[in-house]
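Taken from TrEMBL as is:
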type: TRANSMEM; residues: 6-25; note: transmembrane segment
type: TRANSMEM; residues: 32-51; note: transmembrane segment
type: TRANSMEM; residues: 71-89; note: transmembrane segment
type: TRANSMEM; residues: 101-121; note: transmembrane segment
Amino acid sequence: MAGIKALVGLSFSGAIGLTFLLLGCALEQYGVYWPLFVLIFYVLSPIPTFISRRLSDDTDSSSNACRELAYFITTGIVVSSFGLPIVLARTSTIQWGACGLVMTANAVIFLTIFGFFVVFGGGDDFSWEQW
């Protein structure tokens with residue numbers, strides 16, 4: 001039952017993050033939908049970790065080159081998603097209030113993705129592979 005509660009909590013926090021993102025785009029004083037391009041980063045961010053967990057062996061070594069590369073690529077994707085709204089705001093494509101809402105959405109969504117890996121990424125009986 002703890003897995004179902006975690007899944008409901010993660011889906012709720014994901015919905016809150018997407019609400020912040022849509023507020024940053026759709027409020028009348030902002031009215032531009034360029035910040036929605038961060039959705040691409042949301043989709044791309046877990047892919048390197050999924051691939052590295054499939055390809056790397058499950059030894060308990062302190063360092064694994066495949067996993068380290070996946071963490072590096074994931075970090076680049078996350079930093080890019082925080083940088084895109086700042087670049088858009090600096091070029092006056094979006095307003096700074098929309099940039100703040102998108103940055104809040106980024107924080108909530110990436111914490112949700114991290115929570116997904118913490119809850120369902122372990123090798124216990126309740127894994128994300130069951131879904």
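Yeah, the Cβs are placed from backbone N, Cα and C, and that goes for glycine too.
Keep in mind that TrEMBL annotations are predicted by a computer and have not been checked by a curator.
A quick note: this is a predicted structure, and the numbers were derived from the prediction, not measured.
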Fill in: Spatial neighbours of the transmembrane segment (6-25) far in sequence, C-beta under 8 Å, 6+ residues away
31-36, 38-39, 85, 94, 97-102, 104-109, 111-112, 115-116, 119-120
Worksheet item: Same-chain Cβ contacts of the transmembrane segment (71-89) under 8 Å, 6 or more residues past its ends?
Response: 24, 34-35, 37-38, 41-42, 44-46, 48-49, 95-96, 98-99, 102-103, 106, 110
Worksheet item: Apart from its near flanks, which chain residues at least 6 from the ends of the transmembrane segment (32-51) lie with a Cβ under 8 angstroms of it?
Response: 21, 24-26, 69-71, 73-74, 77-78, 80-81, 84-85, 88, 93-94, 98-99, 102, 105-106, 109-110, 113, 116-117
